[in-house]
Amino acid sequence: MTDTIFALSSGAPPAAIAVVRVSGPQAHALLERMAGPLPEERTLSLRSLHVWHSGELLDRALVAWFAAERSVTGEPLVELHLHGGRATVDAVEAVLASVPGVRRARAGEFTWRAFENGRLDLVQVESLSDLLRAETEAQRRAALAEGGLSGKVEQWRQQLLQLSALAEAALDQSDEDDVPADRARIDAVAADLIAGIGQLLARPGAERLFDGARVVFAGPPNAGKSTLINALAGREVAITSAIAGTTRDVIEAPVRIGGVAFVLTDTAGLRQGSGDEIERIGIDRAQRRIDEADLVVWMDERAEPDVADEKLIRIFPRADEPGRSDAAPGMRVSAVTGEGLADLADMLVERARTLLPREGEVALTRRQREHLAHCHAALVAFAAEPDELIAAEQLRLARQAIDELTGRAGAEEMLDALFGTFCIGK
Ligand SMILES: Nc1nc2c(ncn2[C@@H]2O[C@H](COP(=O)(O)OP(=O)(O)OP(=O)(O)O)[C@@H](O)[C@H]2O)c(=O)[nH]1
């Protein structure tokens, strides 16, 4: 029999209220034993909780229970809203744990059960995972929007099933010359699917939102890269010194600016013809970072950047220093006086937003994109395939890709990785 699991789901002690959730076949019986006859379903009711064998009072708490058909886990579920002191929570948990077949939940186990019981599909689990780890406003909104993806995918799956049925019927009829295959309808459904999925694939992905837009600061030794990163980050993240070549490797600082996540990367100064082997390796790495960056803050007024326009931000650093030319290209910035810092921050946010999913729009994670891209490719191959048997195989591949996307066809490793991101009690 399935274990009944419990966990503190919110309000780590000491807190005003600590919610312990209990899910599994014994959940309702446990509540009855502690609190007496079950109150109305899905309604918080005040009850005294007792240790049933000794009669000892555990807490006066708000309790609620949910039938399996209406619970988030798809199992009998109970919530105990306890007074959030350590001793109260410990005492209740100890009583629960003393019952055979009842144990503490592992990380993500409530969500896992919801998935197993068909309450959530994998796309919904991912958006929940994103919501729980959202740290910026943009991430929170995107995770909520992601919730809408599941419905869209289900609609595509239905269309694919319809397409498969049509193609199957056409295959059966192909020997009978007098019955025209419903080719026009097949083409229309396929074209619709290809367009819809293609549109979503063309949008910026969700990973930048969570991983942060990658900004590389590039320029000669002593340009003030590390000092500028520290000023933007509002803390010491990079080593600064007056000795040219201080930053020998790459230092990354995850920061939030204007509600957007960034990773600011300090690179070794791009000095040509450096004699020092270690410094040269640092410079190679810097070049690679520039190639991979979303945005490059170029801090060298004497050299022309070898960086695509759409990711280039040119600044004129250390602008406060006497004798610095007024005619140099780029936005004047001083990490010391603060001149131009707010403008630079605004520009970073503005440029980063063009790389990020638009607010409220569904954005795909890497995993989702991969499966949808497979589905899309199979559909395109299907539409172009004259041989009906090969075309049917392409449709099967498209269906498989969708099923992998929603978790109907399981890839165990991926499930482990995903559920590993949840905390205990979720
Ligand atoms: N006056 C003034 N000095 C600055 C400014 N930014 C940096 N400096 C000074 O310039 C020197 C070099 O700064 P860093 O931030 O270490 O320069 P870097 O580009 O990271 O140097 P490398 O690590 O060698 O590539 C330090 O002495 C800083 O204090 C600025 O805006 N104004």
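Just so you know, glycine gets a Cβ as well, placed from its N, Cα and C.
TrEMBL does not curate its annotations; it predicts them automatically.
The Cβ of ARG21 ((6S)-5-formyl-5,6,7,8-tetrahydrofolate binding site) lies under 8 Å from the Cβ of PHE6, ALA7, SER9, LEU77, VAL78, GLU79, LEU80, PHE110, GLY425, each on the same chain and at least six residues away in sequence. Taken from TrEMBL, the feature (6S)-5-formyl-5,6,7,8-tetrahydrofolate binding site covers ARG21, GLU79, ARG119, LYS426.
Annotation comment: TrEMBL describes ASN222, SER241, ILE243, THR246 as K(+) binding site.
As annotated by TrEMBL, GTP binding site applies to 222-227, 241-247, 266-269. Cβ neighbours within 10 Å of LYS225 (GTP binding site), excluding its own Cβ and spanning all shown chains: 31. Secondary structure at LYS225 (GTP binding site), as computed by DSSP, is helix.
As annotated by TrEMBL, Mg(2+) binding site applies to SER226, THR247. Counting every protein chain shown, 24 other Cβ atoms lie within 10 Å of the Cβ of SER226 (Mg(2+) binding site).
Summarising the annotation, TrEMBL assigns domain 'TrmE-type G' to 212-353.
SER226 are the binding-site residues among ARG21, GLU79, ARG119, SER226 whose C-beta comes within less than 6 Å of an atom of ligand 1, given in sequence order.
The Cβ of ARG119 ((6S)-5-formyl-5,6,7,8-tetrahydrofolate binding site) lies under 8 Å from the Cβ of VAL72, THR73, GLY74, each of which sits 6+ residues away along the same chain.
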